[in-house]
Amino acid sequence: MTTSESPDAYTESFGAHTIVKPAGPPRVGQPSWNPQRASSMPVNRYRPFAEEVEPIRLRNRTWPDRVIDRAPLWCAVDLRDGNQALIDPMSPARKRRMFDLLVRMGYKEIEVGFPSASQTDFDFVREIIEQGAIPDDVTIQVLTQCRPELIERTFQACSGAPRAIVHFYNSTSILQRRVVFRANRAEVQAIATDGARKCVEQAAKYPGTQWRFEYSPESYTGTELEYAKQVCDAVGEVIAPTPERPIIFNLPATVEMTTPNVYADSIEWMSRNLANRESVILSLHPHNDRGTAVAAAELGFAAGADRIEGCLFGNGERTGNVCLVTLGLNLFSRGVDPQIDFSNIDEIRRTVEYCNQLPVHERHPYGGDLVYTAFSGSHQDAINKGLDAMKLDADAADCDVDDMLWQVPYLPIDPRDVGRTYEAVIRVNSQSGKGGVAYIMKTDHGLSLPRRLQIEFSQVIQKIAEGTAGEGGEVSPKEMWDAFAEEYLAPVRPLERIRQHVDAADDDGGTTSITATVKINGVETEISGSGNGPLAAFVHALADVGFDVAVLDYYEHAMSAGDDAQAAAYVEASVTIASPAQPGEAGRHASDPVTIASPAQPGEAGRHASDPVTSKTVWGVGIAPSITTASLRAVVSAVNRAAR
């Protein structure tokens with residue numbers, strides 16, 4: 001037995017640590033309704049953010065009241081920050097494919113590499129410059145540390161580019177000052193300002209390029225705010241930006257250390273207090289260590305930032321950078337243009353997966369395989385009703401559904417707006433109900449099941465789902481159709497209709513006669529009857545051979561558009577079968593024609609002189625090129641299901 005097959009072996013594979021149920025005392029003041037207990041986790045090794053860095057208390061904060069109504073300036077860093085985090089960094093071909101995708105999507109600032117640290121990155125920067133691959137409205141960005149020789153190499157890589165952003169950085173956090181640089185505040189600030197002077201010096205040597213500068217106090221979230229401002233202001237004095245040629249100050253959550261509201265407070269404080277703010281583009285670069293990079297980016301943007309750096313689908317060091325797809329489509333879902341084209345999310349995802357050689361998770365917002373899929377019965381029912389309501393509203397407004405305001409429960413956006421279809425919106429497993437079954441039968445198979453039939457058939461599917469490996473597995477649309485056909489369309493015992501001849505009434509109030517050839521338990525016989533329509537006449541004919549059918553409800557519809565469309569008919573009937581049923585002997589009733597009311601009501605339609613003593617109420621379904629044949633097949637289906 002393999003580890004995957006043995007829970008014990010799987011548990012043992014984790015080594016010495018054993019999960020121990022928390023059994024310590026409750027915390028002081030813990031309410032009686034909370035039964036949780038103290039764990040044995042070594043929480044004493046960690047401390048609150050306010051103790052590790054500093055408390056951030058912003059008075060009169062304004063960001064909680066702001067509504068995001070515009071897109072930030074985006075910068076995609078997939079080719080640098082994303083690439084450096086890959087198990088196998090991108091080849092030149094994969095880099096080029098990612099770059100071309102980002103350009104097509106509409107990103108205007110793209111960080112293309114760290115050319116002073118990697119020959120591959122250097123060569124790629126030269127390639128896209130020399131091949132003229134950079135559109136006129138796109139600015140490439142390159143990263144460098146503040147060391148002079150690395151800055152020189154960076155400018156060499158960008159020589160000949162029409163426009164370029166040189167992004168220089170050094171870490172300013174309390175922890176890195178102490179354990180990495182072993183330097184004081186003034187010494188760390190000098191690293192930044194010396195780097196800025198070197199950048200200005202190098203830019204003068206390459207006048208053919210329009211240079212811009214970005215500075216990041218790396219590990220900003222672990223840096224005191226006053227000190228972060230001090231360093232940025234000092235760098236700004238060296239660069240001397242103007243409103244027309246602003247500097248980018250990028251404030252990265254290099255490591256996410258606290259809740260997004262604290263990050264937002266810090267961004268608003270910096271936005272208020274940075275010198276020469278009108279000449280500064282305030283940029284965010286959130287990582288996802290605590291799983292809240294998207295929230296941090298959105299709140300930080302509301303707090304005064306102008307620009308956001310991130311990666312498609314959140315690739316990046318450790319838990320990744322903020323996801324540009326999620327940020328952009330969050331805006332889109334609230335009616336704000338992200339100024340990026342996400343209209344073919346699957347092409348974007350496939351390209352990213354190819355370039356990164358990493359899969360996008362099935363649950364990743366907007367792009368995962370399952371994000372527009374509902375398994376829950378109540379969710380499926382609500383989605384089904386929402387889509388139907390959209391269609392009805394569009395018909396009433398005499399417009400296309402695609403022009404209607406999107407309002408469908410559980411789906412924040414229309415999957416079709418990002419290139420998905422509705423095929424996978426509802427999938428059925430043991431958690432599903434009638435809504436999901438009805439949706440798939442309608443969208444995949446063209447059958448609009450009446451509500452009570454939905455309930456009946458969903459019970460069939462429930463049994464199949466619960467029996468899938470005993471674990472509540474999924475039932476595919478094909479498996480669902482096979483089950484439906486076996487349950488409603490396939491049975492031919494005890495009754496099978498062979499053919500019929502109908503003499504229709506000349507007027508609406510007249511009598512219709514039918515002569516039909518049927519098989520009863522394999523024996524062919526001819527039956528005849530009359531009524532106020534073909535269905536009533538057929539019911540009357542069946543009564544003469546032992547099948548007492550009272551039609552309780554009836555539905556019909558075309559399964560598609562066009563002259564060659566199949567018709568579907570659904571009959572809910574109370575059926576009593578005489579035993580044994582022999583032609584002309586069992587179940588005979590008065591020879592008066594049978595009348596079926598329209599609409600048929602329980603107990604009224606198809607009733608004969610003597611009420612049945614015992615009966616089964618069942619649904620029958622018929623599908624045929626003509627609605628008459630479909631309705632007769634539905635009656636036969638009901639009889640055969642009642643005989644089970």
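In case you wondered, yes, glycine gets a Cβ from its N, Cα and C as well.
Among THR120, THR242, THR254, THR326, only THR254 appears in Swiss-Prot as part of the 3-methyl-2-oxobutanoate site alongside ARG80, HIS285, HIS287. Binding site for Mg(2+) per Swiss-Prot: HIS285, HIS287, ASN321, plus ASP81 from the candidate set ASP69, ASP81, ASP88. By neighbour count, meaning other C-beta atoms within 10 Å, the densest spot among the binding-site residues ASP81, HIS287, ASN321 is ASN321. The DSSP breakdown of the region 'Subdomain II' (434-490), given as helix, strand and coil counts, is 41 helix, 1 strand, 15 coil. Residues belonging to the domain 'Pyruvate carboxyltransferase' (72-346) score a mean pLDDT of 98 in the model. The local packing around HIS285 (Mg(2+) binding site), expressed as other Cβ atoms within 10 Å of its Cβ over all shown chains, amounts to 26.
Surrounding the centroid of the Cβ atoms of ASP81, HIS285, HIS287, ASN321, where the record places Mg(2+), the chain contributes additional residues within 8 Å, namely VAL77, PRO252, ALA253, THR254, PRO286, ALA293, GLU309, GLY310, CYS311, GLY316, GLU317, GLY320, VAL322.
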